[in-house]
Amino acid sequence: MAKFANASPLGLTAFAVTTFVNSMHNAGIGLPYGSPKAVLTGLAFFYGGFAQILAGMWDFANGNTLGATAFTSFGAFWMAHAAMDIPAFGVTDGFAKNNNLTKNQSMGIYNLSWTILTFILLIASLRTSLVMAVIFTVLEVTLIFLTIGEWTGSKACITTGGVLGIILSLLAFYLAATHLINKKTGFIDLYDRNLMKETEDKE
């Protein structure tokens with residue numbers, strides 16, 4: 001049977017890079033708040049979307065159900081995000097037909113559904129590793145702020161979600177680095193506590 005390489009670093013870096021770019025826009029850091037996110041479209045479609053879905057498929061083959069579900073789901077999340085900005089999909093035109101009156105509410109509902117999914121993934125991550133559990137916790141809080149921000153039109157909530165998203169992306173970068181950098185490749189082992197082992201030891 002063919003042996004697959006560890007797909008987690010690919011999925012994590014695809015998630016981290018795309019989340020970082022999106023969150024910098026949401027937080028208004030390095031550019032004016034509310035600036036167009038055109039630069040995100042290609043990134044979200046190809047790296048955050050397509051590459052992350054590939055990582056999810058490889059995780060399915062490797063028997064990593066949590067990783068497969070998370071990477072495939074959030075790969076689809078970013079592809080859907082990109083599709084909203086591509087005229088051929090008609091999303092922008094659909095909102096424009098009623099002068100964008102329901103755009104915020106629609107995006108709030110969209111984010112709420114991902115908040116619910118992330119809560120399930122958070123619970124499922126509590127016996128994996130410390131950094132993984134923290135990532136899903138920060139992701140959950142980030143989505144809560146973005147949901148409220150979109151639904152109510154609150155700039156403060158969107159900005160807060162952006163700042164949290166930057167922290168989230170840095171955590172994802174770090175977790176990817178723990179898979180890639182070790183004493184064989186980079187002379188050091190990066191720290192991440194194994195929660196599964198601790199639970200087994202207690203039992």
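For all residues, glycine too, the Cβ spot is worked out from N, Cα and C.
Annotated features in TrEMBL:
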TRANSMEM  39-58  transmembrane segment
TRANSMEM  104-123  transmembrane segment
TRANSMEM  130-152  transmembrane segment
TRANSMEM  158-177  transmembrane segment
Close approaches to the transmembrane segment (104-123) from elsewhere in its chain (Cβ under 8 angstroms; 6 or more beyond its ends): 66, 69-70, 73, 77, 95, 133, 136-137, 139-140, 143-144, 146-148, 150-153
The transmembrane segment (130-152): which same-chain residues, six or more beyond its ends, come within Cβ distance under 8 Å? 26, 104-105, 107-112, 114-115, 118-119, 121-122, 158-161, 164-165, 167-168, 171-172, 174-175, 178, 192-193, 195
